[in-house]
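So that you can see what the record holds, here are the features copied from TrEMBL:
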type	residues	note
BINDING	Gly7, Phe8, Gly9, Asn10, Val11, Gly12	NADP(+) binding site
DOMAIN	7-126	domain 'Aspartate/homoserine dehydrogenase NAD-binding'
BINDING	Lys103	NADPH binding site
DOMAIN	140-306	domain 'Homoserine dehydrogenase catalytic'
BINDING	Glu186	L-homoserine binding site
ACT_SITE	Lys201	active site, proton donor
Amino acid sequence: MKILLLGFGNVGKAFRKLVNEKDRAKELQNVKIIGIVNSKGLMIGDNENFKVDKKIDLLQAIDEVQPDVIVDMLPANYNNGEPSLSLYLNALHKGIHVITTNKAPLALKYSEIMKEAEKHNAKVLFQGTVMSGTPSVNLYKVMPGQRVFRIKGILNGTTNYILTKMYEGLDYNSALKEAQDKGYAERDPELDINGFDAAGKISILTNVYFGKNITIHDVKFEGIKNINNELINKTREKGTKIKLIAYSDGKETYVKPLEIDKNDPLYNVNGVLNALEIESDIQNTTIIGPGAGPINAAYGALSDLILLIRT
Ligand code: 80F
């Protein structure tokens with residue numbers, strides 16, 4: 001399996017490291033990174049130290065190295081999903097599989113991407129887009145036959161980290177700086193703070209869990225901009241907490257800060273942890289795990305890669 005890795009930042013570097021730890025899974029023995037692209041150009045082959053071999057763009061890189069799968073770890077662009085969106089359509093048209101941690105193209109053009117994949121018998125795998133390496137997208141694949149009524153959770157690591165730190169007494173700016181230093185935040189952290197990231201994620205999960213074709217524009221969302229230390233102190237005194245909650249029942253989909261009490265299972269989901277509660281006619285299932293972090297997001301893509309080889 002030949003990989004073209006797109007993006008060599010926090011997550012891209014962590015992914016490269018995981019892929020080269022061949023003892024993780026027998027499926028990795030025949031996996032090879034044959035090219036890496038960053039904003040400077042293409043490096044042919046696989047090396048920890050990036051150097052530009054060809055100053056070509058992303059589309060040209062696909063033709064140059066002819067991979068079996070592209071792994072997208074480029075920054076999220078919610079204006080139009082580019083350059084990733086065009087890359088997916090181009091790659092899928094050629095029967096090249098897509099693995100991605102980048103939410104934007106799927107949050108904007110889910111059905112277009114999936115139709116193109118189906119037409120050319122190629123796969124699009126995207127566990128890393130929601131809750132990083134904690135199964136959320138892929139969890140659905142192992143619970144067939146359940147009638148899902150609603151899903152609800154905490155889907156952004158950065159804002160949950162910031163709110164948690166504010167309850168511990170830290171100010172907003174220092175908490176954000178810590179989240180950035182740990183590699184949790186988006187390149188443009190506004191995308192975390194204003195709710196875009198969580199809205200993109202709940203739109204993707206709505207499509208997966210309810211078989212819909214919604215986009216981020218169908219999600220009502222609000223971030224944590226208006227949550228100040230005064231509000232935090234007030235709720236702390238009451239024994240409640242404010243959390244940025246994402247919700248969908250397939251009809252109504254939103255992201256907003258909500259006050260929750262001690263009995264709510266999401267009350268103790270703190271720091272970079274995320275959670276997803278799935279309510280169905282059979283049972284309620286809750287999964288909790290890291291929602292962000294370079295190695296965690298990279299693992300989401302690695303798990304997709306191994307599952308792709310197995311099928
Ligand atoms: P980073 O900015 O470190 O790296 C981006 C790379 O892309 C760089 O190598 C850059 O040169 C390259 N690049 C940019 N534009 C390019 C272009 N036009 N052509 C070629 N190369 C270009 O980004 P990260 O942190 O490595 O993230 C990569 C992707 O993973 C983004 O789409 C993220 O949204 C996604 N992701 C990141 C996560 C994380 O923890 C987690 C899951 C997905 O919940 C949260 O708090 C979320 N903020 C994180 S979720 N870092």
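The backbone N, Cα and C atoms fix where each Cβ goes, and this holds for glycine too.
Taking Cα separation as the measure, the residue listed as 'NADPH binding site' is nearest to Glu186 of the binding-site residues Gly7, Asn10, Glu186. The secondary structure of Lys201 (active site, proton donor), as reduced to three states from DSSP, is helical. Cα to Cα, Gly12 (NADP(+) binding site) and the residue listed as 'active site, proton donor' are separated by 20 Å.
For the NADP(+) site, the Cβ centre of Gly7, Phe8, Gly9, Asn10, Val11, Gly12 serves as reference, and the other residues of the chain with Cβ at most 8 Å from it are Lys13, Ala14, Phe15, Asn38, Met73, Pro294. With a CB cut-off of under 6 A applied against ligand 1, the recorded positions Gly7, Gly9, Asn10, Glu186, Lys201 are reduced to Gly7, Gly9, Asn10, Glu186. Across the structure, Gly7 (NADP(+) binding site) and Glu186 (L-homoserine binding site) are spaced 13 Å apart at their Cα atoms.
The number of other CB atoms found within 10 A of the CB of Gly7 (NADP(+) binding site), across every protein chain shown, is 23. Straight-line distance linking the Cα atoms of Val11 (NADP(+) binding site) and Glu186 (L-homoserine binding site), rounded to a whole number, equals 11 Å. Summed and averaged per residue, pLDDT over the domain 'Aspartate/homoserine dehydrogenase NAD-binding' (7-126) gives 97. Asn10 (NADP(+) binding site) sits 10 Å from the residue listed as 'L-homoserine binding site', counting Cα to Cα. For the binding-site residues given as Gly9, Gly12, the lowest number of other CB atoms within 10 Å of the residue's CB is seen at Gly9.
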